[in-house]
Amino acid sequence: MTIILGIDPGSRVTGYGLIKESDRKIAYIDSGCIRTSNDVELSHKLLQIYDGICELMDHYSPTEVAIEQIFMHNNPNSALKLGHARGVAMVAAASHRVKICEYSAREIKQSVVGYGAAEKDQVSHMVVELLQLNRAPQKDAADALAIAICHSHMRNGLSKLIGSRGTKRRRMRL
């Protein structure tokens, strides 16, 4: 059995999602958000993210961690803050000596929905379906679960099937 922690980093809200994988089947464990205080300096926000990820690592002992890669923001300051949040989340996971994999937003959407330009609500819907949840999790938690699901698919080669099927469809339309 593999426990995967998906992380959707953010300087204000960092989403997390935990799934377990056994015999190529996935199941929901937990999800939520690490919310940082508005009234503290960036360094303290980063410490809150670090502590939150470490707490999850200690409590659930995931064997693998997946995190979203940075995408370009229109605002360079936002991109830098996101990079800091992502960095401390990765350091927190690395301090527990687990494998960390990174995925682009397009890879995550392609793996979970089957379409790399899918909308957020489509991703959330598929997270609910794939994990057989009663309701959609919070936005950042749903994104983190999608990252964990993507990692499960990637490590089992399922994304290659999804990607090749999508390519064939595009070729047939030409």
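Here the Cβ of each residue, glycine as well, is placed from N, Cα and C on the backbone.
Counting only same-chain residues at least 6 apart in sequence, those with a Cβ under 8 Å from the Cβ of Asp8 (active site) are Thr14, Gly15, Tyr16, Gly17, Ile67, Glu68, Asp140, Ala141, Asp143, Ala144, Ile147. Under the heading active site, Swiss-Prot lists Asp8 (among others).
Swiss-Prot lists Glu68 (among others) with the feature active site. Within 10 Å of the C-beta of Glu68 (active site) we count 25 further C-beta atoms, all protein chains included.
According to its DSSP assignment, Asp140 (active site) is helical. Positions annotated as active site by Swiss-Prot: Asp140 (among others).
Under the heading Mg(2+) 1 binding site, Swiss-Prot lists Asp8, Asp140, citing sequence analysis as support. Summarising the environment of Asp140 (active site), the number of other Cβ atoms within 10 Å of its Cβ, over all protein chains shown, is 23.
The annotation Mg(2+) 2 binding site is assigned in Swiss-Prot to Glu68. Look at Glu68 (active site): DSSP puts it in a strand.
According to DSSP, Asp8 (active site) sits within a strand segment.
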